[in-house]
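Trainee: Got a structure for you, written out below as structure tokens; questions coming shortly.
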Amino acid sequence: MKGRRRRRREYCKFTLLLALYTLLLLLVPSVLDSHSEQDKGRNCPGLQRSLGVWSLEAAAAGEREQGAEVRSLAEGNPDRSPGSPGNLSAVGEAVTQEKQHIYVHATWRTGSSFLGELFNQHPDVFYLYEPMWHLWQALYPGDAESLQGALRDMLRSLFRCDFSVLRLYAQPGDPGERAPDSANLTTAMLFRWRTNKVICSPPLCPAAPRARADVGLVEDKACESTCPPVSLRALEAECRKYPVVVIKDVRLLDLGVLVPLLRDPGLNLKVVQLFRDPRAVHNSRLKSRQGLLRESIQVLRTRQRGDHFHRVLLAHGVDARPGGQARALPSAPRADFFLTSALEVICEAWLRDLLFTRGAPAWLRRRYLRLRYEDLVWQPQAQLRRLLRFSGLRTLAALDAFAFNMTRGSAYGADRPFHLSARDAREAVHAWRERLSQEQVRQVETACAPAMRLLAYPRSGDERDRKTVREGETPLETKANWAV
């Protein structure tokens with residue numbers, strides 16, 4: 001009897017121990033998992049923020065938080081504005097007011113040479129005209145999209161007055177030779193150096209007939225004859241003296257590529273984007289088709305980089321493959337094919353930029369100015385003041401007069417399509433109506449309709465278009481706003 005009771009007690013103890021052991025096995029993994037999740041949270045507190053740092057929604061949320069901080073600072077010291085030295089920058093870091101950098105973001109035949117010249121004429125501006133031309137020429141053939149990162153890195157160096165990057169794309173005189181050392185590079189290798197006000201005036205050119213502060217176009221032949229080339233190091237030293245550095249180019253197709261530069265508080269970058277009626281752009285591109293053919297092919301490769309597109313190029317007489325046998329560039333009908341197709345890619349890039357800026361956070365929009373060529377030539381003085389105010393530059397009566405006179409020339413056309421001269425603004429705006437066929441207009445309007453709508457360019461023949469023609473100088477800029 002006693003033995004039976006003892007066995008029963010031992011059985012109960014064994015059952016209890018087994019139940020406790022089973023419970024322990026179930027609880028331990030659960031406890032470990034709970035601690036593991038807590039550790040993950042402690043180790044990566046900003047995981048979601050890091051993952052979303054490049055989204056506009058996350059940037060906008062950060063902008064709202066930062067705006068509250070800036071407002072509290074402003075309330076504590078009403079004499080200081082959110083952009084004054086010592087306050088928070090747009091990306092939340094303390095910066096001082098230093099050199100201003102401006103990038104003029106445009107495409108071919110939009111009037112960007114005229115816009116850039118307004119900066120070139122200002123005595124407080126160091127201006128570079130399309131320096132990325134060197135990169136495109138050195139890396140041809142290649143599609144525009146694959147070059148965007150290299151263009152951005154080149155811009156970063158140039159804005160810091162470091163021109164050694166140009167050595168990578170300098171063309172040696174002999175194909176068998178190495179590219180010249182940066183110490184031996186001169187201003188003569190820069191694209192369109194003969195019209196640069198800094199290069200063609202004292203102190204870099206003591207014999208120049210005009211001082212740097214004198215407003216007026218530089219005669220390229222006169223500059224070439226009186227201003228011997230100087231080293232790029234001397235140009236770098238001159239660049240560092242100016243409070244504003246402006247670079248104009250047409251080869252950057254995606255505004256979003258510039259976001260890392262815009263977020264860099266040490267760079268203090270702003271962007272001026274120039275648009276133009278795509279029908280006028282197409283008309284101007286057709287007029288200068290041979291000069292834009294290589295560029296158009298590079299843009300067109302952005303859309304189609306596969307074997308099918310290479311076959312299209314070969315069918316039209318162009319060997320697109322590196323190392324392939326050189327072929328003649330296509331004549332007028334085939335050139336028109338490339339120009340029209342490239343314009344479709346450009347309009348797609350415009351639409352992408354417009355949607356990007358429309359949804360951008362406030363800090364980015366403060367660093368962005370949209371300008372239309374038509375508004376600039378109809379109201380040159382008003383738009384110039386708007387441009388200078390955005391760039392932090394003083395107004396000048398001589399520059400006002402220069403802008404007005406450049407838009408009141410005797411004619412639109414010129415024998416040299418890439419030569420800057422005074423133009424008739426009305427001719428410049430409406431020339432496409434007489435020179436493009438109905439089919440060409442239809443093609444452009446079909447390809448560019450979304451961008452045209454956002455920019456308030458009416459389709460030909462509708463009521464708004466007829467009103468624009470009747471009223472002539474009615475400014476259109478106010479109709480193109482951030483809303484769709």
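Glycine too: its Cβ is placed from the backbone N, Cα and C atoms.
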Trainee: Could you tell me which of the ranges 71-90, 171-190 is annotated in Swiss-Prot as region 'Disordered'?
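Mentor: Of the candidate stretches, Swiss-Prot labels 71-90 as region 'Disordered'.
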Trainee: When you measure from the Cβ of Asp277 (3'-phosphoadenylyl sulfate binding site), which residues in the chain that are at least 6 apart have a Cβ under 8 Å away?
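Mentor: Tyr373, Glu374, Val429, Trp432, Met452, Tyr457 - these are the non-local Cβ neighbours of Asp277 (3'-phosphoadenylyl sulfate binding site), listed in sequence order.
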Trainee: Mind tallying the topological domain 'Cytoplasmic' (1-12) by DSSP state, helix then strand then coil?
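Mentor: Taking each residue of the topological domain 'Cytoplasmic' (1-12) in turn, the totals are 11 helix, 0 strand, 1 coil.
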Trainee: Applying a 10 Å Cβ distance cut-off over all chains shown, what neighbour count does Arg279 (3'-phosphoadenylyl sulfate binding site) have?
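Mentor: So the Cβ neighbour count for Arg279 (3'-phosphoadenylyl sulfate binding site) comes to 24.
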Trainee: Using DSSP and collapsing to three states, where does Asp277 (3'-phosphoadenylyl sulfate binding site) fall: helix, strand or coil?
Mentor: coil
Trainee: Nearest by CA distance to Asn405 (N-linked glycosylation site): which of the recorded positions is it, out of Trp108, Thr110, Ser112, Asn184, Arg279?
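Mentor: Comparing Cα positions, the candidate nearest Asn405 (N-linked glycosylation site) turns out to be Ser112.
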Trainee: Least buried of the recorded positions Asn283, Asn405, going by other Cβ atoms within 10 Å?
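Mentor: Checked Asn283, Asn405; of these recorded positions, fewest Cβ neighbours within 10 Å: Asn405.
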Trainee: Does DSSP give Trp108 (3'-phosphoadenylyl sulfate binding site) helix, strand or coil?
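Mentor: Reduced to three states, the DSSP call for Trp108 (3'-phosphoadenylyl sulfate binding site) is coil.
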Trainee: Enter the number of other CB atoms within 10 angstroms of the CB of Thr110 (3'-phosphoadenylyl sulfate binding site).
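Mentor: Around Thr110 (3'-phosphoadenylyl sulfate binding site), other Cβ atoms within 10 Å: 23.
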